[in-house]
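**Q** Residues or ranges marked as transmembrane segment in Swiss-Prot: 11-31, 50-70, 101-121, 137-157, 168-188, 215-235, 247-267, 285-305, 337-357, 366-386, 393-413, 419-439.
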Amino acid sequence: MTVSKSSLSALTLGAIGVVYGDIGTSVLYAVKEVFGSGHVPFTSDNVYGILSIFFWTLTIIVSLKYVTLVLRADNNGEGGLIAMLALASQSVKDKPALRRVLLLVGIFGTCLFYGDGVITPAISVLSAVEGLEVVSPAFNKFVIPLTLLVLFGLFWVQKRGTAGIGKFFGPITVVWFACIAVLGVAQIATHPTVLWAISPYHALSFIWRQPGTSFIILGAVVLCVTGAEALYADLGHFGKKPIRVAWFAVVMPALTLNYFGQGALLLNNPAAVKNPFFLMAPDWALLPLVGLATLATVIASQALISGAFSVTKQVILLGYLPRLKIMHTNVKEVGQIYLPFVNWGLFVTIVLAVMIFKSSSNLASAYGIAVCTDMLITTILTFFVIRYSWKYPLWLCVAATSFFFVVDFAFWASNLLKLFDGGWFPLLIGGAIFILMITWKDGRRLLNDKLRADAIDLNSFLEAVFVSPPVRVEGTAVFLTVEAGTVPNAMLHNLKHNKVLHANNLFVTVHNHEVPWIGMEKRLEIESLGHDCWQVIINYGFKNDPNIPKALQHIKGRGCDLNDMTTSYFLSRDTIVPTIGSGMAQWREKLFSQMHHNASGAADFLRLPNNAVVELGSKIEI
C-alpha cells in the first residue's frame, strides 16, 4: 500500500506520540539505574563501555529485531503478541500438541503484559515527578502524593475518551524528543570524545574485562528498551513505514544523543549519578522540564492503558476471559473503547506498586522479568511464523531468530537476579491473570461439552414442532445459541411457558476466529430451515466489534426482512453449579462459576437493544 507524503507525515507524527512515548521516557531512569547500582566504578572506559552497550542494545533489539524483522510478521496488517500468536498457532494447526503449547506460551506472554502495564506507568510518572527533588530536596515529601494525583487524573479521564486531547500527543512527544536531544548535545559538547562509544569495541571490551558485572547490569540496561513491544503492537494503527521512519529519523537519534549526553555529564561530574537526566538541564529549565517530563510519561502511560483495553477485548473474543462491560468513547472510531473494570483494576494495582516500592529506583528492580519473558516469547513465535507460515528454510529461520534468542535470554537471565527485589510483583500479577484465563477457557470447554451432550438437533426438533404447530405471533425472534444446529434453551423455555412461536425465527451463533478482522463479505452464513426459520452464523475476528443488530441488517433481501420495532432477542442466562469429578479442580470450578456469574451480559456485549431482550435462566452442572 502506497502512502502519500502528507499521510506519511501525519502517521509518523502519530506514531511518535503513541508508539514511542514509553521508550522515549526511559531516559529518565535507565542511566541512573545502571551507574547508581554501585556495580560500575566511574572510569572513562567503563562509561564508554556502558554507553556502547546502551547503543547496541537499542540497535539489536529495536532496530534489528522489532523494526526490521518482527514488523514483517503482520497478521492481515495487524501486530501485537495476540496477532502473532494467532498467526503462529494457525501455521501449526496440523500439529495439535505443538499448537496447544504455543497457545499456552502466547497467552502467558499476554498475561505478563498486564504486569508490565502496572510497572511502566508507575516508574515513568514517579521518575518524572522525582525531578522536583533536584529542584529542591524540600519537595521530597510531595513526590508520592503528586504521583498518585497525576495517575488518578489519568485514569479518571479514561471514561470520557481521549479523542479530543489525543491529537496533541504527537506534537508534545516531538517536543520531548527535541528537548532530550538538545540536552544531550549540550553535554556532549563538553566531552565530545564520548561519541566514540558508538563503536561496538567499547561494549565488547567492557564485557570481556568485566563479564560478571556485565551480566548483572543487563538487568538495568533493559530499561532502555521499555515499550519496544509497542512498535509491533501498534502496527495496525500506523503501518510499517511510519513506525520505521519515526524510529530512524527521530527517536533513535534523540535517545542516542541523550544517553551519550548523560554519559558526558557523569564523566565531568560523577556526583550527578543521583539523577543525571535532570542534572543535565540548567537551573532555570528544571521546573519546565519536570512539567514536560510528566506530560510525556502521562502520554506514554495513556498508550499502555489503551493497549490494555484493546488486548482485553481481543482476549475476550478469543474466549480466554468472560465478557466485561465495554463502553465506546467515540462513535466514529470503534477502536476507542473504555473498560471500567480494567481501568480501575489497573489503577488500584499501580497505586499499590507506588506505595510498596516508593521510588523509581525500587520500581526498576520490579521491571524487566515480565518484559524480557515477552521478548523471548515473541522471538519463539516469530520462528514458527517464518518457518511454518512463510515456509522459509530451517537454516534461515534458525539463523534469523537464534541470535535474538541468545540476546533476549541473556537479558532475561540477568533479570532473574532481581526476582526477590521486586521482580516477583509483575510475575505475580501475570500469573494470577493466567490462572483466570486458563480456568475460564477450560470452564467454557466443559460447559460447551455439557451443552453439546444435552443438545437437541434443531432440524429434528422443528420437524416435530410443526407436526402440530404452536400459535404464531407477529415479529421476529432471534435466539442466540452457542452451538449451531442445536435447539437453544431460550427457545425451549419460551415454548414451554409462552406456548407461541414468532412469525420469523433466527437461530444465531457467533463464531470468533483467530484472525484480526473478518469483512462483511464473510460476516454472515445463512441457511433456511423452512417454516420461516433460519440458521445464521456471524463471524468475527478478534479485533472486530461484535454488533448483532448491525450484522443482521445484512440479512435483508436474503429471504428474511427484519424490522427493528418487531424483533426480540432471546438469550439463555445460565447459572453454573460446580460438581465433583468434572475435569477441573473444585477450586477452579468455583472460580469459573464466580467468573461466569460476574460476567457482563451478552446483551450489552453484543450491542443488543435493551428494550428488545428477553433472558431466560437455567442451571447447568459441570
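Each Cβ is built from the backbone N, Cα and C atoms, and glycine gets one as well.
Source: prediction; values computed, not measured.
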**Q** What stretch of 50-70, 101-121, 337-357 shows the most Cβ pairs under 8 Å to the transmembrane segment (137-157)?
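**A** The stretch I would name here is 337-357.
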**Q** I'm a bit unsure how to read this: which one of 101-121, 247-267, 393-413 has the highest number of Cβ pairs shorter than 8 Å with the transmembrane segment (337-357)?
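**A** Stretch with the highest Cβ contact count: 101-121.
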**Q** Quick one: do the transmembrane segment (393-413) and the transmembrane segment (215-235) reach 3+ CB pairs under 8 Å, ignoring pairs fewer than 6 apart in sequence?
**A** yes
**Q** Contact between the transmembrane segment (419-439) and the transmembrane segment (11-31) is defined here as three or more C-beta pairs under 8 Å separated by at least 6 residues; is that satisfied?
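**A** Between the transmembrane segment (419-439) and the transmembrane segment (11-31), which are separate recorded stretches, there is no contact, as judged by 3 or more close Cβ pairs.
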**Q** Same-chain Cβ contacts of the transmembrane segment (101-121) under 8 Å, 6 or more residues past its ends?
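**A** Tertiary neighbours of the transmembrane segment (101-121) are 22, 81-82, 84-85, 88-89, 92, 151, 154, 226-227, 229, 297, 300-301, 304-305, 307-308, 311, 315, 320, 346, 349-350, 353, 363, 366-367, 370-371, 373-374, 377-378, 380-381, 384, 425-431, 433-434, 437-438.
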**Q** Below 8 Å between Cβ atoms, which of the listed ranges 50-70, 215-235, 247-267 makes the most pairs with the transmembrane segment (285-305)?
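**A** That would be 215-235.
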**Q** Is the count of Cβ pairs under 8 Å between the transmembrane segment (215-235) and the transmembrane segment (168-188), pairs 6 or more apart in sequence, 3 or more?
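**A** Between the transmembrane segment (215-235) and the transmembrane segment (168-188), contact is absent.
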**Q** What residues in the same chain, six or more past the boundaries of the transmembrane segment (366-386), come closer than 8 Å to it by Cβ-Cβ distance?
**A** 61, 65, 69-70, 73, 81, 84-85, 87-88, 91-92, 102, 105-106, 108-109, 112-113, 115-116, 119-120, 123, 219, 222-223, 225-226, 228-229, 232, 353, 357, 392, 396-398, 400-401, 404-405, 408-409, 411-412, 414-416, 418-419, 421-427, 430
